[in-house]
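Here is what Swiss-Prot records for this protein:
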type     : residues  : note
CARBOHYD : ASN814    : N-linked glycosylation site
CARBOHYD : ASN818    : N-linked glycosylation site
CARBOHYD : ASN885    : N-linked glycosylation site
REGION   : 1-106     : region 'Involved in AKAP5 and PRKAR2A interaction'
REGION   : 1-179     : region 'Involved in ORAI1, STIM1, PPP2CA and PPP2R1A interaction'
REGION   : 1106-1248 : region 'Involved in CALM1 interaction'
SITE     : VAL1197   : site 'Essential for autoinhibition maintenance'
TOPO_DOM : 1-179     : topological domain 'Cytoplasmic'
TOPO_DOM : 339-712   : topological domain 'Cytoplasmic'
TOPO_DOM : 912-1248  : topological domain 'Cytoplasmic'
TRANSMEM : 180-200   : transmembrane segment
TRANSMEM : 209-229   : transmembrane segment
TRANSMEM : 244-264   : transmembrane segment
TRANSMEM : 271-291   : transmembrane segment
TRANSMEM : 293-313   : transmembrane segment
TRANSMEM : 318-338   : transmembrane segment
TRANSMEM : 713-733   : transmembrane segment
TRANSMEM : 735-755   : transmembrane segment
TRANSMEM : 784-804   : transmembrane segment
TRANSMEM : 828-848   : transmembrane segment
TRANSMEM : 858-878   : transmembrane segment
TRANSMEM : 891-911   : transmembrane segment
Amino acid sequence: MELSDVHCLSGSEELYTIHPTPPAADGGSGSRPQRLLWQTAVRHITEQRFIHGHRGGGGGGSRKASNPAGSGPNHHAPQLSSDSVLPLYSLGSGERAHNTGGTKVFPERSGSGSASGSGGGGDLGFLHLDCAPSNSDFFLNGGYSYRGVIFPTLRNSFKSRDLERLYQRYFLGQRRKSEVVMNVLDVLTKLTLLVLHLSLASAPMDPLKGILLGFFTGIEVVICALVVVRKDTTSHTYLQYSGVVTWVAMTTQILAAGLGYGLLGDGIGYVLFTLFATYSMLPLPLTWAILAGLGTSLLQVTLQVLIPRLAVFSINQVLAQVVLFMCMNTAGIFISYLSDRAQRQAFLETRRCVEARLRLETENQRQERLVLSVLPRFVVLEMINDMTNVEDEHLQHQFHRIYIHRYENVSILFADVKGFTNLSTTLSAQELVRMLNELFARFDRLAHEHHCLRIKILGDCYYCVSGLPEPRQDHAHCCVEMGLSMIKTIRFVRSRTKHDVDMRIGIHSGSVLCGVLGLRKWQFDVWSWDVDIANKLESGGIPGRIHISKATLDCLSGDYNVEEGHGKERNEFLRKHNIETYLIKQPEESLLSLPEDIVKESVSCSDRRNSGATFTEGSWSPELPFDNIVGKQNTLAALTRNSINLLPNHLAQALHVQSGPEEINKRIEHTIDLRSGDKLRREHIKPFSLMFKDSSLEHKYSQMRDEVFKSNLVCAFIVLLFITAIQSLLPSSRLMPMTIQFSILIMLHSALVLITTAEDYKCLPLILRKTCCWINETYLARNVIIFASILINFLGAVINILWCDFDKSIPLKNLTFNSSAVFTDICSYPEYFVFTGVLAMVTCAVFLRLNSVLKLAVLLIMIAIYALLTETIYAGLFLSYDNLNHSGEDFLGTKEASLLLMAMFLLAVFYHGQQLEYTARLDFLWRVQAKEEINEMKDLREHNENMLRNILPGHVARHFLEKDRDNEELYSQSYDAVGVMFASIPGFADFYSQTEMNNQGVECLRLLNEIIADFDELLGEDRFQDIEKIKTIGSTYMAVSGLSPEKQQCEDKWGHLCALADFSLALTESIQEINKHSFNNFELRIGISHGSVVAGVIGAKKPQYDIWGKTVNLASRMDSTGVSGRIQVPEETYLILKDQGFAFDYRGEIYVKGISEQEGKIKTYFLLGRVQPNPFILPPRRLPGQYSLAAVVLGLVQSLNRQRQKQLLNENSNSGIIKSHYNRRTLLTPSGPEPGAQAEGTDKSDLP
């Protein structure tokens, strides 16, 4: 059978959604939302996962995230997994103190579902979760269906051989069990007959009968033993062969009975039992079962005609037997086909569940990769370990935290590409981005070889640190070697591209603080006085040389020749702070010797003539950004032994995870090996009644639509027709009452069929179709129809006995088939009342979805009625038949044999019903669990999209997620009209200090985090939705407007530039508000410019979105040459903004490094504010903001915890989800422990 969602005329929500809940409260639209603790917000997000997933029936549309500020969490976990809530696991030993600071959490924007932060809504497209293939995509032949009624076909298999093999293996245990039960039932019947014979028979048993009885019993016992003992080696094919052997044994017994060597009369009842068992209990394909059923029927009819002792007395009796066997074969075909269909449906649901869980793992892997594209592994490990140990009762006491690490004895390298500005004007966008990606990919490779950690790429600036996170005694040597290799590489670039480029490198040794600040566009960074010195060493250096400080020289221990650097002469900072500098002396021939990998590529490509931007075409080529995150192959990195010690045990599992049919099939094989169905049954289903232990789950199951209910009812109607035909061939002596009664029964059953299939006939009245729909969707109504159908068939089987006249029963003993006296009154053949009663019992088996306990109750009532009729009211009819037609060798009368036959059918039908109901309920459980996994997957996808939007603009994220990028170029884009803003805090350098009072600078960074977070919050207002934050550089905030493709064709061409100007004004107001609360006097120095830029994504391991061009350099210079507390713009920008309602003050002409050399001094203006409001800009209204990095990492931890909880349930409670499914690797693969890292700070309250 198939259990499907409701799809009635008026529609309905999916019934297997466990707890539909009302939508969460919205966050409101105030200009300043209430601040939240990130732990509280993330706990709310976690608890709302299923609420969002089930809202709207779990449809595939976009979903709005609720604002946790509006209301507290309202936990509605699915009942199926409600028992799986386990406490979080602590690390045990090895915990370290963590530094804390202030970050804020705000939910994602509403109104556009998964809309990106920069315009352009819609799903970013991580996974199309609701596009799973339908059953017809799997089946080779799904059967013939007409008006909702499914008719059997001979072939019912999957298209895929592997899928068919897995299906056969999946239900091998159940079919093995059915084979054993069938043989045991037959053996018990034989033993019962043997005991009755020994007790009741007047004469001893014929030796040949005893031998045959023992032989057939032995065969069936051996089959049972082989199937039970050798179950691990019993394949599906061998099980089919054992079924054939069982059928041969039973059919041979029919032959023996026909020859007079059986224990039951003429054996017609045993033939019916054999036919039913062949179709419903023996593990035979439908084609084999049909051939076996026809063979058994033909054998019995032949014996009845040819064997003298069994000779029938009329053609009507022969036809009645033929119709009887036809009816049993027809019902058996329906039962076998629809049962197999139900099992295949359950198997597909199992596969979908496994597939959903596999895809959930893939989503987790993507999320981990996204985190690792922002943070180094050791920081992620620190956050995960800390968050894993967060207890619910402590969440309320956790204040804003940041994760800042302090590392001593490190060396910092800054490198800048000289001549890059001119290069960016001569290359196309694609060539520029390709060149940068290849260049920085080589730098990343060199950094790995020289034990350096790349921190960030700032335009054409690259900086890295050695000694972080693993302390190294040779950190200074590593940076110097890194610098020398970079110079060799850039010189190779210069020789290949014919562009005048070089490297200016500065190195300083000391200590750093590292971590992530802000709420948007997370980027790992380092801060300290020593970082500033390294930066100034680079800017005051000489192209092609390595400029080092005295501190670095001391760490080199004289291993390199140096000369005076005279950095004070080239840089004001170095002169002001009296920093001694040196230049590494390196023989020119050493610099001309290229790195080994470049030499190999150059040799292999020596015949190339290429003066373009691409300089690497050899065997090595840089990876494309995000290929390891959103690519098709999602393989995980292995955990090192040291890194495993840093993770909680349940997060350090290792399993190679792939996606695709092969991996799904492997998972299903694991499921089969662990006999998951039996485990699910023990956990969720009651032993005898098979009802769910969870009442709400039972209610949902009972309301599931039964797609084969119409087919079952049609089959029951066919059985009634056969019963009518049998009793018409052997009619009652009173034809008129019999004709009336069967006419009424047929009309009643026809009405039942009509009322249950009416919804497929549009020509019928609407009220009738709605009634039909209601019946199909209502458990009680379906049961009423089922019981009415069974009652009609039962009445058809027994009602004719009411017209029998005891005085007119005629002896048939001495008549032959050719006798002139033909007696066709059914009262002369009372056993046919029993045979048709058996057909009525089989009607119960036809209704696959009927509860097995109800089936048992109905069967017991039938047997009780038959016992009443045969043993009391109509006992004389059966006794008269036995006296006249049975020999003295028959130790059982027709009454007793009939009750024994019905008892056999009762057990067989009940067991078959139990198997079918278990299959249906297992199917339902898999659906519920798969639905839960898909809902959780959707939440994870939203998490991933949030993370990706915090790395890339929304339209760029969609570029990487929606397209087939197998052969795609790097992402690059040219823009003609973009606004660029740099906002720095000049006073923060003087404010920053590394003393014991401020925890070695940590408290200063805590304040900087608050400032950046407030700036990020402003971007959550819809008036600034055209603005994208690019990065923070120390205490400098960089933002851009006009990047969204959707806004490029907007009528208000410079509306985004006006929004950028408004944003800069809002920043000045925000910093003033911060000054009030922190008792500081910070001022912003802001520079704005506009023009053309090149945007692109570079870096494979740590992808980074950036923009380049003269406009960027000019905006940066507008900041660096500006005045604190003022907003400086060039004349071109002034001319645009002055017509948009902004007021300015002319500053004058200033010298701008890198631009004035070619264009002379630049006229600049100070932006004062707005003269008049812009009518196109709405009043400030806060959109739900972004999740903080801590929030997303905690979401990842809680997702992994939920998986671990399910795994523990599977191991301890045998929940039936494959054990190996959750034994998975994580991406958190650090190089080793961090004994040199000092985690700074503790939890502290907000700043005053």
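Just so it is clear, glycine is given a Cβ too, placed from its N, Cα and C backbone atoms.
Most Cβ pairs under 8 Å to the transmembrane segment (891-911), among the stretches 209-229, 271-291, 713-733, belong to 271-291. Only residues 6 or more beyond the boundaries of the transmembrane segment (784-804), in the same chain, are considered here, and those with a CB under 8 A from a CB of the stretch are 712-713, 716-717, 719-720, 723-724, 727, 732-734, 737-738, 741-742, 745, 748-749, 752, 755-756, 775, 826-827, 830, 833, 836-837, 839-840, 843-844, 847, 850, 858, 862, 865-866, 869, 874, 877. When Cβ-Cβ distances below 8 Å are used as the criterion, the transmembrane segment (318-338) is approached by residues 1, 143, 150, 152-153, 156, 268, 271-272, 275-276, 278-280, 286, 289-290, 293-294, 297, 300-301, 304-305, 312, 708, 711-712, 715, 718-719, 722-723, 725-726, 729-730, 829, 832, 835-836, 839, 842-843, 845-846, 848, 912 of the same chain, each at least six residues removed from its ends. Counting Cβ pairs under 8 Å to the transmembrane segment (271-291), the stretch among 209-229, 735-755, 828-848 with the most such contacts is 828-848.
In the predicted model, the region 'Involved in CALM1 interaction' (1106-1248) has a mean pLDDT of 67. Here the transmembrane segment (713-733) has long-range neighbours at 149, 316-317, 319-320, 323-324, 326-327, 330-331, 334-335, 742, 745-746, 749-750, 752-753, 756, 785-786, 789-790, 792-793, 796-797, 800, 803-805, 808, 824-829, 832, 835-836, 839-840, 842-843, 846-847, meaning same-chain residues at least 6 beyond its ends whose C-beta is under 8 angstroms from one of its own.
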